[in-house]
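Visitor: For reference, the structure I am asking about is given below.
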Protein chains: 2
Amino acid sequence: MVDAAFVSELRERYGIEFKNLRLLDEAFTHSSYANEHPELDLRDNERLEFLGDAVLELTVSEFLYKRYPDWPEGELTRLRAASVCTRSFSLFSREAHFDKYIRLGKGEEQSGARKRHTLQEDTFEAFNGALYLDQGKDAVVKFLQQVVFPKIAAGEFSAASDHKTFLQEYLQKDGPVDIRYDVLDEEGPAHERQFAVAVVVDGQRLAKGEGRSKKMAEQDAAKKALASLKAKAH
Amino acid sequence: MVDAAFVSELRERYGIEFKNLRLLDEAFTHSSYANEHPELDLRDNERLEFLGDAVLELTVSEFLYKRYPDWPEGELTRLRAASVCTRSFSLFSREAHFDKYIRLGKGEEQSGARKRHTLQEDTFEAFNGALYLDQGKDAVVKFLQQVVFPKIAAGEFSAASDHKTFLQEYLQKDGPVDIRYDVLDEEGPAHERQFAVAVVVDGQRLAKGEGRSKKMAEQDAAKKALASLKAKAH
């Protein structure tokens, strides 16, 4: 059975109480543990992981769809891909202490599997699959509102490098345009150089950006250009 | 507005009536049509497609999870991938006549986009995204019970070539084994040749299969071997 301390922790931190504790057990049973204890006739968490993966895909998609009503599909897809991935799920898993409670076989334990990000990700998916089966989608959403959505909304998973792409897509909606980034200025010593860059679209300067590298200044310019274009469109 | 004939067809064939018809309109508005009619201030279906993609991923996953309670994760994942793809979704789209009702711009129409499978797939996803927003997951499931699940259950998307892989995974759960396929017999003229093949595992013959090619006979043997192994395991 899953650790009693974990059952309390779920209740106290997230207000979650499983009706069917066997689902919670299953979610925290790694195949290596099930294989090592054939006498217990345990199910490992892989089927729940299969389901949980899809549960997370939908709940995160719906969150993004509703939170960003003006974003085009391309931006939604990019942020979904950055939010629904090994890096983020393993992080959530550790924050919720799931890595502490997953039951591993001895060999896996010794090989350091508990610290493996893919294993932590799998546990996070399996937990959400179990919660979905036990209590439905709304319970999953309530849990994600505590551990996932605030981080997405805070921009933790938006790659900064996306502004140039966003600007390009925005401008090219109605056909090809010429987008150019011109370096306006470059000053300071090598270790603290500052760049100033202008983004020029079809010969017209849209915005200026600054940064500690040419790339960062370009991103800054693209971000400002997008903001001003969107402000004008409204 | 979406064609009135389509609204009737949805009601009569599937019992679906949208509360918010603007969602249905949006689902059937291709970006080329929206771009061609700026005066109508239309939204294209790409955001709904983003959402619908995740809705279908979850509803199909849940169907498979519940329908095949004894399948390991690998088999579920394979059948999900084969069921949730361009080929299947474009097929469902045509069967529901979605390809007839999607609104296209003139250029796209002339280039034959209406027959393009990816466009049909996108429409299917957008429709399910719209239905989900309008009426929730249960309404989507009810629709899929009519157009999708029976086909999956009938094996329409299980690649026949999976039996050999399934057998291999089943046998290698507890370590490596030696799997060999021996041709036992080959008869008949070239255009209607019949092959008989045996699958031999660690030197022991597990089953015999037949087919019109060596590959098909091997698949048949693997399928029979799996069935007898599973029967013994219970």
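Note: Cβ is positioned from N, Cα and C throughout, glycine not excepted.
Checked TrEMBL, it gives:
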ACT_SITE  B:Asp53  active site
ACT_SITE  B:Glu125  active site
BINDING   B:Glu49, B:Asp122, B:Glu125  Mg(2+) binding site
DOMAIN    B:7-136  domain 'RNase III'
DOMAIN    B:162-231  domain 'DRBM'
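Where in this structure would I find these features, and how exposed are they?
Guide: In sequence order, B:Glu125, B:Gly129 constitute the residues six or more apart from B:Asp53 (active site) in its chain with CB-CB distances below 8 Å.
Over all protein chains present, the Cβ of B:Glu125 (active site) has 26 other Cβ atoms lying within 10 Å. Classification of B:Glu125 (active site) by DSSP places it within a helix.
DSSP assigns B:Glu49 (Mg(2+) binding site) to a helical segment in the three-state reduction. The Cβ of B:Glu49 (Mg(2+) binding site) has 22 neighbouring Cβ atoms from other residues within 10 Å, across all protein chains displayed.
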Visitor: Does anything in the same chain, at least 6 positions from B:Asp122 (Mg(2+) binding site), have a Cβ under 8 Å from its Cβ, and if so what?
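Guide: Listed in sequence order: B:Asn45, B:Glu46, B:Glu49.
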Visitor: Per-residue pLDDT averaged over the domain 'RNase III' (B:7-136) comes to what?
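Guide: The average pLDDT of the model in the domain 'RNase III' (B:7-136) works out to 95.
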Visitor: Summarise the domain 'DRBM' (B:162-231) as counts of helix, strand and coil residues per DSSP.
Guide: 34 helix, 25 strand, 11 coil
Visitor: I'd like to know which recorded positions lie near chain A: of B:Glu49, B:Asp122, B:Glu125, which have a CB under 8 A from one of its CB atoms?
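Guide: So the ones by chain A are B:Glu49.
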Visitor: Which are the residues of the chain, B:Glu49, B:Asp122, B:Glu125 excluded, whose CB is within 8 A of where the CB atoms of the Mg(2+) site average out, their centroid?
Guide: B:Asn45, B:Glu46, B:Leu48, B:Phe50, B:Gly52, B:Asp53, B:Glu121, B:Thr123, B:Phe124, B:Ala126, B:Gly129
